[in-house]
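Following: one structure in structure tokens, then a few remarks.
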Amino acid sequence: VTEFILLGFFGRWELQIFFFVTFSLIYGATVVGNILIMVTVTCSSTLHSPLYFLLGNLSFLDMCLSTATTPKMIIDLLTDHKTISVWGCMTQMFFMHFFGGAEMTLLIIMAFDRYVAICKPLHYRTIMSHKLLKGFAILSWIIGFLHTISQIVLTMNLPFCGHNVINNIFCDLPLVIKLACIETYTLELFVIADSGLLSFTCFILLLVSYIVILVSVPKKSSHGLSKALSTLSAHIIVVTLFFGPCIFIYVWPFSSLASNKTLAVFYTVITPLLNPIIYTLRNKKMQEAIRKLRFQ
């Protein structure tokens, strides 16, 4: 086998065109929105704080995660023969898990940042120092790299000599492993332990951190509670949309859920668009910085 066939979305030509236009607009908005956030955070002096440093990193990871899968998916919507080379498939999976693992880690770091800001405001600047932030950013990239390389090194050596059809919109580990010509039970368990448990553990840690914040806020003020509820409820929605499909696909990766393309669209197409909207663009300070930057 030198290439894999991606089934992608199938249906009438009109439906393919509809998906092409929809996903093209979403991807364009994702790239523009995340670049706007990165430029604003970098150029605006009022946004040189730990929160916006982390948001800028999140925007970069979102844009990269979407770019690893969405352009290929959009191009395939206009072609009848949807193929990808074996090494192209491995490369796509490498970057997907690289940026995905880094983003999961960064979301936990952001939850810790919000906890310190809300529950320990007087010590916020001392705790979230520039040195610690740089360490956190580097840590997220290291975890993402270790997460992906540990799986890709084992997958790239598998022999593929029979079936080459992947029932998804992009290459993903569970479906690619099933195409190998040898027994892969041990590797399947490793994928569950690596990707599945990482997704599930990060999701639980985030929920616990949000609960701790909400329990701590009433001691401060009712205004703080309402503000925290508004912010964290939006964050929980995005986190659920991102981690929910990941948990279903990688905790039970070799069931019928593994071929559910709708779940794949959520965490690779929809969530990278929602993150800049929920986390950043609805922030008043960010809106003011964008307006000032536009006038300048």
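A Cβ is built for glycine as well, from the same backbone N, Cα and C atoms used for every other residue.
For reference, TrEMBL has these:
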- 33-279: domain 'G-protein coupled receptors family 1 profile' (DOMAIN)
- 17-39: transmembrane segment (TRANSMEM)
- 51-74: transmembrane segment (TRANSMEM)
- 94-112: transmembrane segment (TRANSMEM)
- 132-154: transmembrane segment (TRANSMEM)
- 197-217: transmembrane segment (TRANSMEM)
- 229-252: transmembrane segment (TRANSMEM)
- 264-281: transmembrane segment (TRANSMEM)
### Query
How about the transmembrane segment (197-217) and the transmembrane segment (17-39): at least 3 CB pairs under 8 Å, pairs 6 or more apart in sequence, or not?
no
Contact set of the transmembrane segment (264-281) with the rest of its chain, CB cutoff 8 A exclusive, min separation 6+ beyond the ends, reads 23, 26-27, 29-30, 33-34, 36-37, 55, 58-59, 62-63, 65-66, 68-70, 73, 96, 100, 110, 168-170, 172, 234-235, 237-238, 241-246, 249, 287
In this predicted model, the domain 'G-protein coupled receptors family 1 profile' (33-279) has a mean pLDDT of 83
| For the transmembrane segment (132-154) against the transmembrane segment (17-39), do we get 3 or more Cβ-Cβ pairs below 8 Å once near-sequence pairs (under 6 apart) are dropped? | no
In the same chain, residues at least 6 away from the ends of the transmembrane segment (51-74) whose Cβ sits under 8 Å of its Cβ atoms read 8, 20, 23-24, 26-27, 30-31, 33-35, 37-38, 41-42, 84, 92, 95-96, 99-100, 102-103, 106-107, 109-110, 113-114, 117, 133, 136-137, 140, 169-170, 268-269, 271-273, 275-276, 279-280, 286
